[in-house]
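Listed in TrEMBL for this protein:
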- 42-61: transmembrane segment (TRANSMEM)
- 67-91: transmembrane segment (TRANSMEM)
- 122-149: transmembrane segment (TRANSMEM)
- 170-190: transmembrane segment (TRANSMEM)
- 196-217: transmembrane segment (TRANSMEM)
- 238-260: transmembrane segment (TRANSMEM)
- 275-296: transmembrane segment (TRANSMEM)
- 323-348: transmembrane segment (TRANSMEM)
- 368-387: transmembrane segment (TRANSMEM)
- 394-414: transmembrane segment (TRANSMEM)
Amino acid sequence: MASQITPVEAARDASPRIGVAHRNGDSEPLLRASGVKLRRELSLFDSLSINVGIIVGSGIFTSPGVVLLAAGSVGAGLLSWVVAGLLALLSSLTFAELGASIPLAGGSGAFFKVAFGRPWSFFYVWTMFFAVTAGSINLIATSFAQYLLSGISSVEIEHGELNGDVRVKYIAILCVVMLTFLNCAGVRFGAVVQNLLGACKAALVALVVVLGISFYINDRTVLERNMSQPFRGSSLSGFGPSMVAALWAFCGWGDVVFLAEEMKNPEKDIPRTAFYSIAIVTITYLAVNLSFLSVLPSTDVQSSVTVAMDLGKVVIGQGAGRWIAIIVSISLLGSINGVIMCGGRYLYGAAKSGEAHRWLGYVSELTGAPTTALIFQGAWSVLLLSWSSNFLEILSYFGAASFFIYGLSAAAQIQIRHKLPDLHRPYGVPFHPVVFGLLNNIVQLLPICMCFRIHVRILPRLLFSGEREKPWWRH
């Protein structure tokens, strides 16, 4: 019986090189790493907190109305959240197998190199840098700035008064700069910050759920009316867009693989983090949606872009909206911090394997953080924010590229199974990899197609013809 290939054994032994042999027997490794190493300081709790913190951003507070409106009914809307959670789990488990088998800071860049060769790894690294990571950071930072301004000023976010507001741009830039330098203090410090912000996020979710339960105890009529005929008015054509809108709220499910070289036990903790985080997030999203529906009529949820603030106003009073906006902004800091922390690691991995200049692989001896990669990433994000802080423009920039990368990762899993059958796999996805990978790629194609429909076909008509009579998913 052939011995298993274990590409990370040398890394555990502090060897300066790690490699996976070419299939044809060439001894030149596909993956390399220098003797300068990141510090293994992250526990399962840390990685779980980081992953959940990245996923739970503004989506759950802005998407429920879009999901419900597209689905056409309360029952179909809740089903969309369940299906989106299952689809996110499919993709997350793919990252779990790849990350546990090849636990390197390069994440998908390392997977692409093994599966498809260096050009695809190069393509991944710079797509992530120029579009996906910067777009994600700026998208959340813009939401953070809008919610914070709405909480501390008289400007209302739900009326679109903050679109194009220069204060949003300045606050978002300041946020990115501060969190970038905080993460330069080391992964342990970054994890502590993430855990604290995660506690604030958990407090916000708990507050929403408690408010919903307390309102339901005193007045059950709203939820009973919403759930009286849960699938009445369901739209079959709108279920796909509804599910895609819910799926946006799960973005970030695979980012934990970037921290593989800093996890104490990546082979076990990456699969655990992948499964537990999606399970926690899905249950949380369902609980929050039920809380909204316990307080607000379904028509009000459909028309709201700040549904958590509306819930607070109904249960507590008008002044509660501002406080909830501030708490939501603090929650969003956790998402930004997690994305910045993980983003610096793929640049570090790229520098070590030759897809980026080696100065990006510098690790501070004092803090153990890839400071050059973090600052480089932060500088590009600030440059993009100075160009535009418009939410829709950033979403257009970031969306399709993000899901295209997710789809390629599923294809990489199939290729690596075929190319390296003896690779040591601490965890393997259920079902045959081809079936699993095809399902995964279908999942990723839906948002890409939707982005194309929205931004290529529909937006020009909205901008230049004024046509607004039909919802975007029915064009």
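Glycine too: its Cβ is placed from the backbone N, Cα and C atoms.
TrEMBL does not curate its annotations; it predicts them automatically.
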* Among 42-61, 122-149, 196-217, which stretch has the most Cβ pairs under 8 Å to the transmembrane segment (368-387)? -> 122-149
* Most Cβ pairs under 8 Å with the transmembrane segment (122-149), selected from 67-91, 170-190, 196-217, 323-348 -> 323-348
* Structure fact -> Given 67-91, 238-260, 275-296, 323-348, the one sharing the most C-beta pairs under 8 Å with the transmembrane segment (170-190) is 323-348
* **Stretch-level contact, the transmembrane segment (275-296) and the transmembrane segment (238-260), CB cutoff 8 A, at least 3 pairs** => yes
* To do: With a Cβ cut-off under 8 Å, give me the same-chain residues at least six positions beyond the ends of the transmembrane segment (67-91) that come close to it.
  => 226-227, 229-235, 238-239, 241-243, 245-247, 249-250, 253-254, 275, 278-279, 281-282, 285-286, 289-290, 293, 298, 301-303, 406, 409-410, 436, 439-440, 443-444, 471, 473
